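Heads up, the thing below is written out as structure tokens.
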Amino acid sequence: MAPHPLKKPKKPAPAAEAATPAAGGKSKGAKANGTPAATTVPEPEAEKKKPDTRTLIAGSSWTGKLPITLFNEHVQRQPTWDKPEYTIHRNPNGFTGAVNLRAKNPKTQEITVLPPIMPPREYMQEKGAQPSAVEARHFAATYALFRVCNMKNMAMALPPQYRDLWKGDFQELKKEAVAHGQGYLYDADPFQAVKNRDEARVTREKEIAVREKKREESAKQNNTVSLDGQVRKVEKGWQRVPKVEMGVKTRKEVERMVKSDGVWNPYDVQLAEREVRAIKDKLSSYGFRPSHIAEAVEVCGSLEECIEWLLIHLPEDDVPPWALPENYIAGFALAANDLQRESRIKRLASTGYSADVCAEILDACAGDEAKAAFALQRRLLGQAASLAQTNGDDDNHGTELWNEEQATLEAIYTERYSCERGTCSIQLELRTPSGGAITIRARQPSHYPNALPAISIEVALPAYIKLSILRQLLLHAQSNLLGEMMLFNMLDWLEQEVPRIIERPDRLRDIANATSTVADTSAAAAPSRKRQRRHPKPLSWIRNSPVSARMQASWWAKQSTPEQQKMLQVRKGLPAWRLSDKIVGSVTVNQVTIISGETGSGKSTQSVQFVLDDLIKQGYGEQANIICTQPRRISAIGLADRVADERCGRVGDEVGYTIRGESKQKFGTTKITFVTTGVLLRRLQTSGGSAQDVVDSLGDVSHIVLDEVHERSLDTDLLLVLIRDVLKLRKDLKLILMSATLDANVFEQYFSGVSRVGKVEIEGRTHPVHDVYRNELLQIMGYAGLMDGDEAASDVASDWEDDFSFGGKRSAPRKEKPRKQYKQVGHDGHTIDYDFVANTVQYIDAELGDADGGILIFLPGTMEIDQTLRRLRDIPNLHPLPLHAGLQSADQRRVFARPPKGMRKVVASTNVAETSITIDDIVAVIDTGRVKETSFDPANNMVRLTEMWASRAACKQRRGRAGRVRAGKCYKLYTKMQELKMAERPEPEIRRVPLEQLCLSVKAMGVDDVPAFLASALTPPASLSVSGALDMLTRVGALDRNELTALGRHMSMIPADLRCSKLMVYGAAFGCLDACLTVAATLTIKSPFVSPQAKRDEAKVAKAVFGSGQGDLICDLRAFEEWSERRSRGEPTSSLRRWCDENFLNHQTLMDIANTRSQYVSSLKEIGFLPSGGYGVPETYNRNNGSDALLRALLAGAFQPQIARIDFPDAKYKASAAGAVAVDPEAHTIKYFNEDNGRVFVHPGSTMFDAQGFPGSSVFMSYFAKMQTSKIFIRDLTPFNVYSLLMFGGSIQIDPQGRGLLVDGWLRLKGWARVGVLVSRLRMILDDLLARKVDEPGLDMSETGIVKLVTRMVSFDGLDR
């Protein structure tokens, strides 16, 4: 029914959607739309009233909170969140809503706005639309609440229809989001989730950028320019190699030294025309210019040397790309804190001068650019470097002429002329071949036109061409234009001559003053200067000379004295006396006489006297000069004492001796000189370096006696070859060969081709020696119950035949348990039972009772001697003494003295007591049958010191020691079966040891063809061993092109291991000789540290205190130095021993090291390497004793090529307050590789076993010893850096693929080719200095510039400090 027209209609009930403010909080009724409200028609009474919001959202029965309320309350509880805002959108399907959240940072007031919170678009299109805006708002609030509270159980707080959404659709949406990596949308704190995501995105972008940059850098690094200009990919083996860097100041200093002191073509090689063409073609393919190639070929003698010369002399802007360092930019880089100075240098350098030269000259001119320009010009012309020349402001007449000429030039050249700040610029009409402009700048001089203006040329040409143009222009003007206005004529000359100069520029040497801060004064090699050796005066066989007559008279007079008669009676009791006439007759008739005689026959003491007495009686006493060699020092000393006593004289008069570090003889007086084999060999080595010098060095020698030749040591075999050659040229020289077990036929065949050979055989003494084998000894000593039945019955048993010795208790069971068989290298499965040896000594002592007589025990080495002596000290009434080659002469002589009263002498000896020495009171010998010998495998370059069974010949000699003075016994700690299995004779040393020292000695005596020379030896060595030795000598720097280097000359004269002698040479050169002597002595003896099994960890800690990470040998060195310091202060021996025990040091080993050092010092003084006189080493040779970095470098050089490459794992980092810090790698992740074996392992006993880092940027490890057990271990280690390798390692080669440098043929370095060349030439200068030391023994090398420079380079790894 329509309302009444006059009655105001009632206000209609608000619609449901108007009950709650719409988005924005305001009603959108008619007034809001700006139109008047229309009169509405009243609803029919039958129409129901619309529900309110609560009923619409939750139903009439719902009494809980609505979704918007729950969400708003959650937001209010968050301290930084702002009130949420809702946005409602209408679409054909209904209404959709979203929630907008914001948060404010209370500190920064920064507002963070989240993207609208709403379900995914697909869901909204299918299910998300709501019938009304109110419902859309609550739906959005419910979803937003789920997003931030899904981890809570809030579903029951929601109205039923929203509860179902919470548990159903919304959970599915979350699962899909998580599956797609969008789980962060459902975090409790959406603002923190967004922040974390943004940070992760930024981090990821940075990582991507870093990876991309690394990839680009890797691609750049992995591509190199080879010498032929091709771009190639770097092989994997070159991608992780150490870098070579050289500081700017260091490089300048090296260049200065190389250019001033370097020598090119040291061997004066003359290249054939064909070789010259081949070198030119090759260099041209490498990218060098023809004019430069032609100049290099004139100076150098090989392709490699030409490359080195070019890389040193070429300006850096004109070298081929492969020779440039990474990221090289041509030009001069200066610090930006002095822009004016930088601009001046750039202007001065624009004409081609080196920027370094410009900077040097500008600084010398106090920053005056004009003065510097004139100074540079005079330097280019090679004139005196006066800095007085400047511009002509004070020269009125010259200025008038200058200005007049400027006006003329401006009129002629018009727009091509300009003038600014007193310098005129004119552009030539001529262009370069590439079309570039040529501009000439001229600065007015004083006294113009009688002085040259300062000219600069700006043109796009290489620096050396610009300087060539300038130099030739200035020379032309100087010769033809002075005294007249010259600029126009100079310009005209340039227009005509520039094309010719570009085609044929000046030589690099002509412009060197302008391209380098150092003038090139290097030259071709000067003729080698060899110091003339003074040889003894040759013998003149004039009979009955006055001296001979006096000697004869004196000799006859002495024969009648009671003392001499008494001694003659003793001598007549020797078997040799009966054959005196036969011996003398053979020596007289034959040039070579072979004397073989049993031990005790008197051949060593009597034969030389028979020969001397005959010469005196014949009237040739003056000419008599007999040298008798012995294999050991104690033998030489003992025989000299005995023979002097038999001749009723003193040692040093008629009879003398010379051993290393000790000599007793008088020139012209001493007629019989006992020497060690090495002393005679060294006399020949140092004779002058030619075959004739070897002959001349023996000019005053009448007879040479080689005793104990059966031992066949290296020195003996070498002497046999040398003397055989000498006998061909000196027919008056007599040679006598002697031995107890000599195979005379072998030696007779060897010498019969060059000389007449006689033979004499002397019977031995008649004193019987009874052999007691092990089985008999066991029975005698009450061990029979332990023997196998067969052995007890037959003296031979399979269970025992290979056993070395037996030990055990008397109560042990009948069958002994199998012994542990040792598998390690250096041991063949047998051990010494020291208790059984001590029991045997005790049994012999009891058997002898009150009778006099000593006991001699033969053991394989010094360690076994120490162990035995410890057991013997527990037995009363014994006087135990050691005897081996490592003892000092005074200590060795103690074995000859009588023991204290009531005590029995027991000598524990190595095989030094087998021959030549006689200990008078020995009546019993205990022979273990063992010996230590060196074996060498040339195929894998492995040296092993192996304990093995002695030969039957050696055991025979040992047996003979018991019967020298009376009947005796030999107790053999092995069976007869084992004796039969022994080798007849020992293998000659030349077949089983490395031959480097031997080959070096041969080269030092002037032999060119070493393999042919050694092939003529009595037993030629394996050819593989010889070639390997020569190759090794080249690699260590002793040989170069089959010629002995200065270093090799020094090494050949020092009687020590090749590596030790090299170390001592370096120590003397670099001012740390004392330290190097100690290390060399330690290597000769052994490390002073001990490591008891029960205290191994404590010993390791004690050792580390001295080592400080510097390596094993410096650790030993510092320990010795502290011990020596305490000893020099007079600390009591008891206190010293206590300190040694506390630090796990062996006091006796330290004493042995000290003694060996003294011997080395004496040897260095003998050869003139150190000044004679005084005690120890002069302080001038020890300036750098405390420099660990230098010592590590010298050790690396001495041990070359025993080098291992350190392979570090990829770096790992940890966060710190200062940023990411690299973490030291774990020790087991660091690997080591050498050339021969690939991967090797650090020995567990080394101080470097647990090393995680290395001192001084070390990337290599040198080692002295290599041993193989389950793995190949290296020991005696020293870490060192790149420049130590470059300065003291093997040869340096430029990799032809442009990847860097190759050292010793296998060690790779990434670096600038020029650095390798500079270091290589520096090494040549150092070798020249060592050559001077040969000629000038008193030269102090440690104060020379080259030594100081090399010291800094290895100490700071090439950088400026």
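Cβ coordinates come from backbone N, Cα and C, glycine included.
Per TrEMBL, the stretch carrying the note region 'Disordered' among 1-52, 781-832 is 1-52. Region 'Disordered' is the annotation TrEMBL gives to one range among 381-403, 427-449, 519-541, and that range is 519-541. At the 8 Å Cβ cutoff, the domain 'Helicase ATP-binding' (584-760) and the domain 'Helicase C-terminal' (839-1006) share at least 3 close pairs (sequence separation 6 or more) and count as touching. Using DSSP to sort the residues of the domain 'RWD' (404-501) gives these counts of helix, strand and coil: 46 helix, 25 strand, 27 coil.
Computed over the domain 'RWD' (404-501), the whole-number mean pLDDT of the model equals 88.
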